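Enquirer: If you scroll down you'll find the structure; I have some questions about it.
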Amino acid sequence: MSVQTVLGDVKAHDLGITLTHEHFNLRFGQFFVKPPENLSKFLEGNITLKNVGYIRQYPYSNKSNLEFYGKDVDDAVLEEMYLFKKSGGGTILENTTHGLDPNLELMKKVMHNTGVNVILGTGHYVAAVQNSNTLKETTEQIYKTMLKDLTDGYDEDISVKAGFIGEVGSSWPMHDFEKRCIEAVGMLQSALNCAVSFHPGRHSKCPWEILRIFSEAGGNIKKANMSHLDRTITKEDQLLEFAQLGSYCQFDLFGIETSLYQFNTNIVMPSDAERIKRIKTLINNGKANKILMSHDIHTKHRLVNFGGHGYSHIINNIIPQMESKGIEKSVIDQITIQNPASWLCSVKTRAPGAAFHLDNDNYKLVHLSVLLINAILESVKEGII
């Protein structure tokens with residue numbers, strides 16, 4: 001089977017080592033956090049050797065660090081993608097969705113120049129970054145935007161199509177717009193059988209609520225991926241209970257080694273060693289086929305050119321640690337190669353609302369019909385009927 005990249009279809013078995021949650025460009029300035037008063041003077045200006053140590057501790061308190069766009073970032077990302085390819089990397093999933101200003105041209109350039117597959121996700125990030133018109137959109141309008149990105153191409157460049165949905169953002173408590181987004185995602189996922197990635201709000205209850213809304217709208221939890229579990233579900237028993245729901249469990253903050261989490265200081269950010277420990281817990285409980293890994297690089301200080309670990313950190317530093325901690329190579333390959341490919345593979349059917357306008361009642365009726373057809377096809381496939 002094939003998956004959709006920004007330059008066309010690629011066979012799933014050719015994806016190689018895949019990072020399932022990264023960014024090349026985005027606008028994150030509105031998430032600036034006021035620094036401690038006694039350190040504010042050390043957190044001003046561009047990143048240098050003199051202040052990068054402070055920025056690592058307070059990454060969201062340096063305005064330049066949040067300007068993850070522009071020529072310096074573009075050049076750094078492109079340079080790193082050559083290193084990622086040379087290190088054995090194959091594919092990057094670019095999770096910059098509507099509201100964060102995805103850079104389609106850079107994605108195409110990266111894939112064309114370096115040979116790294118780039119797969120773009122559609123959907124909407126949290127309500128806080130959306131404009132007033134977007135916040136008023138109905139479930140149907142949100143649905144049709146994502147459908148167009150997946151099947152016809154982006155308005156900015158129709159040659160680029162999304163290959164999955166995500167990251168779909170949620171706050172805590174959830175905004176009504178975010179709930180409508182999740183409902184639309186559930187409906188569209190059921191029609192296209194596509195992969196979906198969620199960004200949960202910073203509370204342990206949020207992943208559960210996301211999957212509830214998603215599944216009630218028709219979404220298949222087995223095709224859902226819950227991002228940022230590193231900082232969201234931190235207790236082992238809760239993690240194992242959540243894993244029983246059937247979604248992919250993603251640890252995507254590898255490389256962050258500071259315990260202070262500025263967006264929620266009640267959360268203790270785990271180290272890479274702790275992330276590996278939690279992954280081992282899932283492996284030992286039969287969930288190796290539901291684990292994904294990434295870095296979620298979205299600030300300058302995590303790029304190599306700005307003193308960071310870069311996109312090759314998992315390949316060059318984490319995988320050797322996993323092996324030294326007793327995780328077999330076959331399991332590591334499953335997590336970094338096979339799981340992403342399995343998650344991304346889909347069999348697309350015609351989705352309701354693809355080629356004509358539907359009023360709300362007919363829209364729901366056609367959607368339910370597609371759900372029924374897909375359920376019958378799945379039953380035939382599994383030999384039930």
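From the backbone N, Cα and C atoms, a Cβ is placed for every residue, glycine too.
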Enquirer: Taking Glu167, Glu178 as the options, which does TrEMBL list with His21, His23, Asp296 at the divalent metal cation 1 site?
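Expert: The record-listed residue among the candidates is Glu167.
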Enquirer: His175, His199, His203: which one does TrEMBL list with Glu167, His228 for the divalent metal cation 2 site?
Expert: His199
Enquirer: Considering only the binding-site residues His23, Glu167, Asp296, which residue has the minimal Cα-Cα separation from His228 (divalent metal cation 2 binding site)?
Expert: Asp296
Enquirer: Just name the most isolated of the binding-site residues His21, His199, His228, going by other Cβ atoms within 10 Å of its Cβ.
Expert: His228
Enquirer: Only counting partners 6 or more residues apart, tell me which same-chain residues put their Cβ under 8 Å from the Cβ of His23 (divalent metal cation 1 binding site).
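Expert: The answer is Phe68, Glu94, Asn95, Thr96, Leu100, Asp296, Ile297, His298.
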Enquirer: Quick check: in three-state DSSP terms, what is His23 (divalent metal cation 1 binding site)?
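Expert: Coil, per DSSP.
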